[in-house]
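Visitor: Below you will find the structure I want to go over with you.
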């Protein structure tokens, strides 16, 4: 049993000693059966939140209205959630009514997919009333019970399904896929932030092509915010060797393929972090430049290694070419550069002002830029006296 489970076993034992049931549930059990990395374990119990608080001396109410208590035990935190049933879903996302129950099977019954509806006791025995282990072995994603009911309860499950396709490479059970197609329109009730979180996981998956194909077949793509809601863009993506690209590079490639000028507006509709948006926009600027130009050492210096590498990987992918050597090529280029930033120059703006005995102004920045370019192009050594002589010989400014 994984160390994450072993660390949590004393919590289960303490709950059981108090007369209640306790099990590992959800994604951790699924990933354990798939031999995937496990980061956090979730515990489900027949004890109510108040009973859990009475059992453990140190707890935090992280979601007590839904039955979740964070138990702090021996320096670690474990989320413990009471068995519950849910009903009267609002906006195809939130249950208006949560009822604490004592039945594990009824708790598992409310979950999305059978592979996520498996419990495991502290001895490693599975409780699997909906045959999730069999679904995992067959590499099938199917809902617990009626697919239409599960998707209507929580429309986000529509995109979660193909996110799991991307992450695991599984196939969708036929009726599950059919109801996804029928109910994809319900995504319009889901917040952009939640859809974006799922899209990021999808783009990070190793089976993204398979997920995008299902998005096309089910017409799910039409309910994504901008960029990926264009059938032609997805078809273009699928025609290219995108397997080596990172999630960030896929955003850049997709935006590059749209060939639109309002990139900032399109990205904002996804509500991506501003830092991420700024990086993508800068990459797009250099991509458009790259269409007409080859990299010089000064261009590389100006862009920086990360932008150079990402831009070239995306650009060559857009041409259907191999990108396996690009990173090492830029590593070599940047090792050869005399300086990596303006701060590496041996002279400063203050020294230039002293040399010229002139008031400060935009001319100082222009001189420094000329010096940078000369140093990068190895026209002058990055030494104070050498730079001073070079400035005089060039009659700058």
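Here the Cβ of each residue, glycine as well, is placed from N, Cα and C on the backbone.
Automatic prediction, not curation, is the source of TrEMBL annotations.
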Visitor: Given that TrEMBL lists 27, 30, 154, 157, 160, 163 as binding ATP, which residue among 102, 111 does it place in the same site?
Guide: 111
Visitor: So if I draw a 10 Å sphere around the Cβ of residue 111 (CTP binding site), how many other Cβ atoms end up inside it?
Guide: 20
Visitor: Please report the Cα separation of residue 40 (Mg(2+) binding site) and residue 27 (CTP binding site) in Å, rounded to an integer.
Guide: 9
Visitor: With DSSP as the reference, give the number of residues of the domain 'CCA-adding enzyme C-terminal' (246-390) in helix, strand and coil.
Guide: 101 helix, 0 strand, 44 coil
Visitor: On the three-state reduction of DSSP, what should I expect for residue 154 (CTP binding site)?
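Guide: In the DSSP reduction, residue 154 (CTP binding site) maps to coil.
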Visitor: Indicate the candidate from 157, 163 with the smallest number of other Cβ atoms within 10 Å of its Cβ, considering only these binding-site residues.
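Guide: Candidates: the binding-site residues 157, 163. Fewest Cβ atoms within 10 Å: 163.
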Visitor: Which one, from the binding-site residues 30, 160, has the smallest tally of other C-beta atoms lying within 10 Å of its C-beta?
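Guide: If we count Cβ atoms within 10 Å for the binding-site residues 30, 160, the smallest count is at 160.
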